[in-house]
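The block underneath contains the structure these notes are about, expressed in structure tokens.
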Amino acid sequence: MVTIRADEISNIIRERIEQYNREVKVVTIGTVLQVGDGIARIYGLDEVMAGELVEFEEGTIGIALNLESNNVGVVLMGDGLMIQEGSSVKATGKIAQIPVSEAYLGRVINALAKPIDGRGEISASESRLIESPAPGIISRRSVYEPLQTGLIAIDSMIPIGRGQRELIIGDRQTGKTAVATDTILNQQGQNVICVYVAIGQKASSVAQVVTTLQERGAMDYTIVVAETADSPATLQYLAPYTGAALAEFFMYLKQHTLIIYDDPSKQAQAYRQMSLLLRRPPGREAYPGDVFYLHSRLLERAAKLSSQLGEGSMTALPIVETQSGDVSAYIPTNVISITDGQIFLSADLFNAGIRPAINVGISVSRVGSAAQIKAMKQVAGKLKLELAQFAELEAFAQFASDLDKATQNQLARGQRLRELLKQSQSAPLTVEEQIMTIYTGTNGYLDSLEIGQVRKFLVELRTYLKTNKPQFQEIISSTKTFTEEAETILKEAIQEQMERFLLQE
């Protein structure tokens, strides 16, 4: 027979009393009124805050965006197919944040910073808010270091500095993403962390970019944030902010970062969809009234930090697609007014075989020569002037049949300079190679060659200079100026290579 021992029972009761933790948990709960199209209307949740995360019964997370008198409009971060009318929703008391760490380098993730490349979880000890305020005026300093893209046309005439925001704009299929990926490839060995954000792109296009980066070893210093065209609008809207939060993490660790948004007009479309479904009043082109703020708060996060904060930087390259060259549409004009310049890619130039198809005439960089090394400033000024004069002459020459010798020479020089700006995709040039190429063109060394021979000669000259006269590269990389000694070495190399080239031909 079982005996009941009073002392044992009293010990158990005493232990339980000691372990008793009096905790009152207050949870704000609401009820789903209606759900559909990625939007849920919720009754209750009286104390929910704008932008707060809410959790549905079946695990889906949403963001409270519309706080109305009798209900709350929530956008869903998922398909929400299992959410039922009448089910309960609880407020989490948090706003959207993501884990951040150096382990993200080389990975492909979604807008919630979850890996989507099938290579396992990513460990992270810290987290950052997806939407954090941009650095203030005192926290910044003016842009003064170059961020080399490896493209002659950009680095010589539309230079980009670390901490700048430069828009890449053009019609579809004009090589916008190619300019951005070439810039990532050119950061190899430059100690720059790159973040590529694909918003509403085809999954095949994103896969192609990732493959290119992997083949060239660029994924070692790159993070890809992808929300493809089949993702919910909420996640497409959040993806750029996730990318910015990751880039900021490295920026505040005194590192240089480059972030590419491809493209913010898709983000604006996702935001328009959410806003219209939430019954917010539509404005121009049916976009909501705060679509400017959508992009300005994102792009203002790019900065060159002051010396007190470690001089880290975040350079932003947003890519905007235009419809048949219409730069005056709503989103393009918004982004142009926020950024520090734009690189305009033209379909006509692309079809004429001028690639990268950069229209140098209407592309600008508002940072200008502050973002160039001295050596580049010394050779690039002449190039821009000669190309501008050539463009003017070319338009005039179409109507005039008999041109004097000087005009003919200027046209011939201009055609060779245009040839010199052409580059193959995924073949960025070092700054020393660019300086050598520009000097050769602007000083008339290419004038004696046929237009078709220019590129071949330049490729051979670069190889010849690298193998036979390595001191040229050493002078420019150490002094950052185009010294008389460097000029003498370059002139010798050009003459020697020209003799060899003409013998071959």
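Yeah, the Cβs are placed from backbone N, Cα and C, and that goes for glycine too.
Database features, via Swiss-Prot:
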BINDING   Gly170, Asp171, Arg172, Gln173, Thr174, Gly175, Lys176, Thr177  ATP binding site
SITE      Ser363  site 'Required for activity'
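Here the features listed in Swiss-Prot are placed on the structure.
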residue: Gly170; record: ATP binding site; contacts (Cβ under 8 Å, 6+ apart): Lys176, Glu321, Thr322, Phe344, Leu345, Ser346, Ala347, Ala357
residue: Asp171; record: ATP binding site; contacts (Cβ under 8 Å, 6+ apart): Glu321, Thr322, Gln323, Ser324, Gly325, Leu345, Ser346, Ala347
residue: Arg172; record: ATP binding site; contacts (Cβ under 8 Å, 6+ apart): Glu321
residue: Gln173; record: ATP binding site; contacts (Cβ under 8 Å, 6+ apart): Ala347, Phe350
residue: Thr174; record: ATP binding site; contacts (Cβ under 8 Å, 6+ apart): Leu345, Ser346, Ala347, Phe350, Ala357
residue: Gly175; record: ATP binding site; contacts (Cβ under 8 Å, 6+ apart): Leu345, Phe350, Arg355, Pro356, Ala357, Gln425
residue: Thr177; record: ATP binding site; contacts (Cβ under 8 Å, 6+ apart): Ser205, Val209, Asp262, Ile319
residue: Ser363; record: site 'Required for activity'; contacts (Cβ under 8 Å, 6+ apart): Met157, Ile158, Gly341, Gln342, Ile343, Phe344
Review point. Taking the centroid of the Cβ atoms of Gly170, Asp171, Arg172, Gln173, Thr174, Gly175, Lys176, Thr177 as the ATP site, which other residues of that chain lie with their Cβ within 8 Å of it, listed in sequence order?
Key: Glu321, Leu345, Ala347, Phe350, Ala357
Check your understanding: What is the Cβ neighbour count of Lys176 (ATP binding site) at a 10 Å cut-off, with all protein chains included?
Key -> 25
